[in-house]
């Protein structure tokens, strides 16, 4: 039996609260069960030096966890004087995922930064960050259109992510912390709204997994992401 009696293919309740803060062009509080992440999208005119003069935009991301988002307090990385490898890996993943959602040529020479701050962690913080940041990004892009900075919205479609894994020999979708810490296999999957894969991060924590198990996990992820995209679109229609 999974926590909260979920079936193996069931994601936790997902909530997306838009316009959560007043200053950012896009802001969303995303909740996957007890995992809560604040995602903001900030627009700046201009692009990084390596893109200057190419007539295209850029999307980047930063990720961080509040000191008491976890069971015991973790010192802020700013206080340590450097970012950890996990943080850098996750923010690069978020940025790659969100760049797949946008026509960067149509964006023009704007940079959009997605800041994902974990308020409470109970597994799946990176997948929640991608899911919430995509909605914040959609709001920011719409503001560019409304303000006359862009003629058309460069958003190609929604992008969402979910974790899957093998726990006690069973393939499950959207792992909570207690499942994640006991998983034999742990995988994060990012997809477009039509089911095309952007990224798969998979690791055998204990027992190596088979090709058949990989296909099962990808199918589980696709089903979970389809339901998450429905929630994203409903939030944006509100």
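Each Cβ is built from the backbone N, Cα and C atoms, and glycine gets one as well.
Annotation comment: Swiss-Prot describes 86, 124, 125, 126 as phosphate binding site. In this structure, residue 125 (phosphate binding site) is part of a helix by DSSP.
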Write out, in the order they occur in the sequence, the residues of the chain not among 86, 124, 125, 126 that have a C-beta within 8 Å of the mean position of the C-beta atoms of the recorded phosphate site.
63, 90, 118, 121, 127, 128, 129, 188
So residue 86 (phosphate binding site), by the Cβ count within 10 Å over all chains shown, scores 11
